[in-house]
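Undergrad: Have a look at this one.
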Amino acid sequence: MARTSGTQTPFQTLGVTAADDQATIRAAYKRLVRANHPDRCPADAAHLNAKLAELNAAYDKLRHHTPFRRAGRKAERKQPDFSAENDARQAAAAQAQAFREQQASVKAAAEAKARADRARHAEDARKAAAERAARAEQARQNAARSAKPFTQAERKALATASRAFASARAALDTPQPPAFKRAA
C-alpha cells in the first residue's frame with residue numbers, strides 16, 4: 001500500500017470533504033481512478049501507477065467513513081440532562097414557599113392571639129378600675145352617712161390643738177444658733 005503525500009489528507013486526495021457521505025466519496029474515487037488509470041496513457045504509466053496507489057490508499061482509509069455534519073453532529077452529542085436538577089430546584093422552591101407561607105400563618109395567629117390577650121387585659125384593668133372607683137364611692141357615701149358633726153367642745157379642742165401644733169412646727173423650722181465648742 002503506497003503512502004499518501006505528506007501534505008494532503010485522504011479527503012484532499014479524493015477531492016471530498018468530511019461532511020460528504022459514503023456515496024459521494026465512492027463516486028469521487030471512481031471518477032479519479034478512471035481519469036488516472038495507467039491504461040489510458042501508457043506513456044506516463046509510472047506516474048499514473050503512483051497516483052492510482054495514492055487514490056487506493058485514500059479510499060481504503062475513507063471506505064468506512066461516517067460523514068461529519070456539523071448540525072447532525074451537534075444533535076448527536078449527548079446533551080446534559082438538567083431536568084432532574086430543574087425538578088429538584090423547583091421542588092425546593094415550592095417547599096421553601098410552603099414553609100414561608102406556614103411561617104406567615106403561624107406569625108399571624110400569634111399576633112392575633114397577642115392582640116386578643118392585650119384587649120382582654122385592658123378590659124380586665126378597666127373593670128378593676130371601675131370596681132375600685134365604685135368601692136371608693138361606696139366608702140365615701142358610707143362615711144358621709146355615718147359621720148356625726150363635731151360638737152362645740154370638739155371643735156374648740158381641735159382648734160387649740162391645731163394652734164399648738166403650728167407653733168411647735170414653726171419652732172422646729174427656725175434655724176438654731178451653732179453650739180459652742182470648747183477648746184481642747
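Placement of Cβ uses the backbone N, Cα and C atoms for every residue, glycine included.
For reference, TrEMBL lists these features for the protein:
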- 9-84: domain 'J' (DOMAIN)
- 65-156: region 'Disordered' (REGION)
- 89-109: compositional bias 'Low complexity' (COMPBIAS)
- 110-138: compositional bias 'Basic and acidic residues' (COMPBIAS)
Undergrad: What is the three-state DSSP composition of the domain 'J' (9-84), stated as helix, strand and coil residue counts?
TA: 49 helix, 0 strand, 27 coil
Undergrad: Tell me the residue counts in helix, strand and coil for the compositional bias 'Basic and acidic residues' (110-138), as DSSP assigns them.
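TA: For the compositional bias 'Basic and acidic residues' (110-138), the helix, strand and coil counts are 29 helix, 0 strand, 0 coil.
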